[in-house]
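Pulled from TrEMBL:
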type	residues	note
DOMAIN	21-298	domain 'Major facilitator superfamily (MFS) profile'
TRANSMEM	25-47	transmembrane segment
TRANSMEM	53-76	transmembrane segment
TRANSMEM	88-106	transmembrane segment
TRANSMEM	112-133	transmembrane segment
TRANSMEM	145-167	transmembrane segment
TRANSMEM	173-193	transmembrane segment
TRANSMEM	250-271	transmembrane segment
Amino acid sequence: MCRRVFKVYASRIAEESKWKKEHTLLFLAFSTGTAIEAYVYSLPYIAETWTPFPRTITLLLSVWSPLWLLLGGLLVGPLSDVLGRKKTFYVTMILYVIGGSLLVLASSYQAILASLSMLLFSAGGEYQSILVATHELMPRRNRSASIFLVVNFTNLGGTVAAILSMADYTSPHTQRIVLGATLLFAVAAIFTVRTRTPESIMWLEARGKSAQAKRELEKYYGKSSNPSQKDTPIGVTDVPLWFRVLTGSVLGWSYTAGFSLVVLALGPYFFPKLTDEFIVVRGSQPSSRALWVSWQTV
């Protein structure tokens, strides 16, 4: 079924704009964000060597990452619709800083679990917000390639975490400090970039903030909207909610089954000393294919 909708002129100008400096900053922020998500996703499996965990907790770690990612996506998604994309990113970055600091200072398995929960919750919310913001903020002609490339940086994050954990540390405590400090450094860098990026003009218009949307357009895109110009209607396919939920669930399960269960659960179970190597192989293997797909969509 196709329904007729009207797009406000400010967002249409932003959609049809050429690639600008602001889009490069957005791409850097979003790709770093997805890399951090995979970096954080890998930490619970690496954390098993940091301190003695009760056997029941060790079994729980196999589902710790997807569980808290799911909660983050479910709760932060609606928050993003209320606060806006940019403010929501500030919220998730604050949670990253708190969780990363706690991880560096943690001395017990309870503190480690608490820090990992906060980091994973933030990563789940951040990842979902990044996908939405990439769709809303990238130029229409570059949108598909941008999304493919941004998502592909998840492979980099897990690989970096595994490589750092494979270094010859004097103690698990040192390894934990290095991994936590690296995360805090990445968050500081991404914060610097995000302060220079716009709010989603589509979101502003959807919330009835047309005046602010026009100001964002003029500030970041160097263009002004023309109220006298008529908007042209476009057709939008109205996909049923149940189909979108089903599709997202299948895609999510394929990621969880391929990464969490096979790479991070079954692999380390049979080869407990090769967890880091499993993460590196799983993270680096899809990169070339994804880059090729991204190139084909340009």
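From the backbone N, Cα and C atoms, a Cβ is placed for every residue, glycine too.
Any TrEMBL annotation is an automated prediction that lacks curation.
Fair warning: this is a prediction, and the values are worked out from it, not measured in the lab.
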Cβ-Cβ under 8 Å with the transmembrane segment (173-193): same-chain residues at least 6 beyond its ends
25, 28-29, 32-33, 35-36, 39-40, 43, 46-47, 49-50, 90, 93, 96-97, 100-101, 103-104, 106, 112, 119, 160-161, 164-165, 167
Same-chain Cβ contacts of the transmembrane segment (112-133) under 8 Å, 6 or more residues past its ends?
26, 30, 33-34, 36-37, 40-41, 43-44, 47, 50-51, 57, 64-65, 67-77, 79-80, 85, 88-89, 91-93, 95-96, 98-100, 102-103, 106, 147, 150-151, 176, 183, 200
